[in-house]
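Below is one structure, written out as structure tokens; the observations come after it.
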Amino acid sequence: MTVRVRLAPSPTGNLHIGTARTAVFNWLYARHRGGKFILRIEDTDRERSRPEYTENILEGLQWLGLTWDEGPYFQSDRLDLYRQAIQTLLDKGLAYYCYCTPEELEALRAEQKAKGQAPRYDNRHRHLTPEEQAAFEAAGRTPVIRFKIEDDRQIEWQDLVRGRVSWQGADLGGDMVIARAAPRGEIGYPLYNLVVVVDDIAMGITDVIRGEDHIGNTPKQILLYEALGATPPNFAHTPLILNSTGQKLSKRDGVTSISDFRAMGYLAPALANYMTLLGWSPPEGVGELFTLDLAAKHFSFERINKAGARFDWDKLNWLNRQYIQQLEPEEFLAELIPLWQGAGYAFDEERDRPWLFDLAQLLQPGLNTLREAIDQGAVFFIPSVTFDSEAMAQLGQPQSATILAYLLEHLPAEPALTVAMGQQLIQQAAKAAGVKKGATMRTLRAALTGAVHGPDLMAAWQILHQRGWDEPRLAAALKQAQTTS
């Protein structure tokens with residue numbers, strides 16, 4: 001049998017990292033088994049579903065490299081199929097019309113709460129007579145449709161992640177609403193548990209891989225599979241992604257959508273790699289840096305943890321840093337140019353390309369995210385700098401003015417500054433000031449960049465020298481040094 005899995009996001013928001021991680025596990029399992037990965041958009045929430053969210057979901061999956069084999073299918077196009085299934089359940093006597101009002105149901109919940117009982121529907125309209133139904137209709141009530149759940153029914157399945165799972169029918173909240181209110185003889189808008197099962201049957205889904213927050217839906221869905229004459233698929237409920245405090249990661253935690261991570265400068269392969277590690281342990285010898293294709297070769301449910309996976313920003317940044325360092329120089333520059341343009345930095349992409357290339361190579365080793373190149377690169381796109389407190393302190397050292405005066409006087413006029421020339425100037429300036437080379441380099445860095453920490457000093461000096469910006473910066477720093485020393 002060909003393995004068929006599906007991702008079924010709701011377009012009520014941008015692609016969430018939890019949904020994306022579910023997509024990763026589905027994709028890995030499908031590729032591992034030579035199966036099919038199906039994309040289905042669950043857009044039955046008419047009030048909250050938006051086309052722009054659908055577009056965001058599709059773009060996010062494609063950016064991550066999670067290509068699908070079928071779809072996207074849209075549930076809003078399949079309403080007739082769901083209504084046929086509901087009619088089948090009505091005809092079999094497995095579903096019925098319920099005329100309870102919202103006020104009656106709220107009163108029932110309040111009564112149960114007062115008694116310390118779990119809220120559940122008491123199935124009071126399961127056996128209405130035709131006369132009782134007619135009376136409710138005459139009173140202007142429109143019924144929902146409920147699916148019968150027997151309290152004494154035990155539902156079990158062998159979860160591919162969690163092992164044997166068992167639920168009692170009495171714990172499922174009573175008979176389940178499967179269609180919204182509509183006049184009798186009509187079938188209202190179908191609801192989640194019903195449409196999911198109908199689609200999974202129609203699409204031949206063999207394995208349902210989803211987050212553990214869906215585990216309470218599974219027994220209800222198993223009953224629906226059986227009622228519709230279908231064999232339930234395999235189920236795998238993966239651990240939730242947790243925040244730093246051990247709670248489920250949510251929008252309140254800030255960055256949670258794939259488009260947010262992308263905007264922050266995380267690379268798609270790095271993010272996909274990290275999401276794979278959120279709950280899955282690679283076998284020995286694979287390491288923590290791997291492609292999706294490599295992970296697919298080794299993927300198994302046995303290596304998925306049952307406990308929640310805590311989101312670790314340091315780990316993500318470390319992974320992203322490795323992937324940034326692996327980028328080819330031209331590929332890396334292509335990533336940075338749009339960011340620099342978006343930041344408003346002035347340059348001519350064609351004329352300045354060699355200079356931009358050198359700048360990109362200077363920054364590449366020190367970046368955790370691509371977006372850090374905006375701040376770290378800023379000092380190279382402006383003719384002058386502002387000295388931070390540490391730079392001011394360095395320029396205030398007794399010999400800084402002597403160092404800067406020597407460098408200014410002997411600065412080469414030609415546009416090319418070689419490493420040898422720069423090193424010689426630093427050594428000579430140190431000798432003239434009677435200080436060590438390290439102190440001279442700290443003073444030079446403070447003058448050129450406005451800070452005492454940063455990327456390779458010689459490469460930074462060469463880049464600034466190409467634009468002729470080292471001379472005015474040295475002059476400004478000398479003036480500052482003479483004022484404070």
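Each residue's number is its place along the chain shown, starting with 1.
Quick reminder: no glycine exception, Cβ is built from N, Cα and C everywhere.
Pulled from Swiss-Prot:
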BINDING   Arg6, Tyr192, Arg210, Gly211, Glu212, Asp213, His214  L-glutamate binding site
MOTIF     9-19  motif ''HIGH' region'
MOTIF     248-252  motif ''KMSKS' region'
BINDING   Lys251  ATP binding site
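Just so you know, the Cβ of Asp213 (L-glutamate binding site) picks up 12 other Cβ atoms within 10 Å once every protein chain is counted.
Within its own chain, Tyr192 (L-glutamate binding site) has Glu42, Thr44, Asn217 as residues 6 or more apart in sequence whose C-beta sits under 8 angstroms from its own. In this record, L-glutamate is bound by Arg6, Tyr192, Arg210, Gly211, Glu212, Asp213, His214; the longest C-alpha to C-alpha distance in that set is 17 Å.
Taking the C-alpha positions, the distance from Asp213 (L-glutamate binding site) to Lys251 (ATP binding site) comes to 16 Å. Under a cutoff of 8 A between CB atoms, and with a sequence separation of 6+ in the same chain, the neighbours of Gly211 (L-glutamate binding site) are Gly18, Thr22, His237, Thr238, Pro239, Leu240. Looking at Arg210, His214, the binding-site residues in this record, the fewest other C-beta atoms within 10 angstroms of the C-beta turn up around His214. In the three-state DSSP scheme, Asp213 (L-glutamate binding site) falls into the helix class. Each of the binding-site residues Arg6, Lys251 was scored by the number of other CB atoms within 10 Å of its CB, and the largest score is that of Arg6. Cβ neighbour count for Glu212 (L-glutamate binding site): 18 (other Cβ atoms within 10 Å of its Cβ, all protein chains included).
In the three-state DSSP reading, Tyr192 (L-glutamate binding site) counts as helix. The secondary structure of Arg6 (L-glutamate binding site), as reduced to three states from DSSP, is extended strand. DSSP states for the motif ''KMSKS' region' (248-252), grouped as helix (H, G, I), strand (E, B) and coil, give 2 helix, 1 strand, 2 coil.
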